[in-house]
């Protein structure tokens, strides 16, 4: 047996809270053109409108679901075995890959043979790694440029549409007022898309498989989907699709274990993490990553230079191209879907950071800057970029070109070092695209609000619309402990301007490693930012969920308000702090205004009065005002009265 029984029983589990379905929700699957294209969504059941408000049916709404099999009661979850290989059949059917006899990374072979790591290795089903056949290119971009719509692309189109058309049809058939209800619930404000696809206010605009293929072929979107991570559910990152969010996890030299990191991953995807980056820098990086990938239904990203540095005992100057290359192959054969590679940190840019307030704050950037200065040579990442592309396209690993010179304070925002690196990333993007390798560009950082759009505009210009992936940006530096908020502001703005994926920031940013509660707080904050950006862009159907919650709020359907929201648990908890009884869940008021001052209750009273008098709501309001005016004069025409 190659796994310690104590580890398996004590740590290798999924927290029960991470696998329970969310309240009034169930996992549903939408089948595509072939039986094995089964796209997961979360169906949220709603109560009927109370009789006093019309008594109409409220059909379920459907929302994007990143939780994988974990919230499916029918799934058998055993993280010691890993998840089912969802894409295995699609990969094999293309006939352009080969299964290797074993690992081809020297370090991977050493770890597999090391008895000291036997107790920590993933014990589940082991597949030999897969690689492109000689002369073949297995990237989704390559297929797209050949005019091929892959099952992954069809899966994504279904997923992005979130059954909007079916929801509108169910509204139309809900009763005599169905057509009116469908028009109301499907309405959304026109967006301002800043050059992205102009969907207008059309909630029913459909994302087609052909649209997905075209965006991938143009380089405006990526599908991170390593052929060695068949467990992943296909997703897309691009500004003409729903804004995505990434959650960072990972151990350090001083804290965390494999079990904790798997737990954080499942927790992050429960609350909406579209991808997860494993930024481990402590012990057992290789083993930790294997456990995470085998159990992850979302793409996994890494920063390979972190592990390469561990291999040279933390001495940046001892890094070599050969060590880094072996690390890329090691991680690609495990199934990492995208690599952050800081190839834009060039020797000529390092002196430009000398006058900064906060210097170089990127770990990867500082590692490469130190190497360049120690050898007074150009970065080996930049020099060997074409060779890196050859590795990427053999496994379909996507580039996340790292912003190693991003500003670490608003003082340093948009300076010469940051923008010089961005130009280089644009040049590297063109090289990667020659190889049909998928690329996204990482962005800042710390940027005040008035400079955010300039960042987005320059990235679109210099990087030819490759997807932008930003950390925030943080819009002020005065709030340690609240940087999920300072960055959420910037994230919403830059998402609106065109960023495709937002890297979450937790309350622990700059202070320490996040725990599970911090992960959830960061995820929810960034789901809000991403959704606000979708609304502002006018993305098809973005307002459906808002409309459903607003209707539930107006009709005092408290449980539906909780359940449609991003965090039903917190909403219910806050409500119950002041109105804990079950009777309060059907009351026509909350603790904010009480029973006599609820604006929505007053509106309902006006409507009832209008119906009783046989007049319009406007006439009812006018009559009510006339009655109150007479009453005011009779009581002395004084604004205030002593009781």
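Backbone N, Cα and C define each Cβ position, glycine as well.
For the substrate site, Swiss-Prot gives 248, 277, 306, 362, 363, 364, 403, 404, 405, 406, 442, 469; the one candidate out of 229, 342, 384, 484 that the record lists there too is 342. If you measure from the Cα atom of residue 364 (substrate binding site) to that of residue 446 (Zn(2+) binding site), you get 17 Å. Ranking the binding-site residues 306, 469 by C-beta neighbours within 10 Å puts 469 at the top. Residue 446 (Zn(2+) binding site) is surrounded by 26 other CB atoms, counting those within 10 A of its CB over all protein chains shown. When the neighbouring Cβ atoms lying within 10 Å are counted for each of the binding-site residues (406, 510), the highest count belongs to 406. For residue 510 (Zn(2+) binding site), the nearest neighbour among the binding-site residues 362, 406, 469, judged by Cα separation, is 362. Rounded to a whole number, the C-alpha distance linking residue 362 (substrate binding site) with residue 446 (Zn(2+) binding site) is 12 angstrom.
Residue 248 (substrate binding site) falls within a strand when secondary structure is assigned with DSSP. Across the fold, the C-alpha of residue 446 (Zn(2+) binding site) and the C-alpha of residue 306 (substrate binding site) stand 23 Å from each other. For the recorded site, residue 364 (substrate binding site), the DSSP three-state label reads helix.
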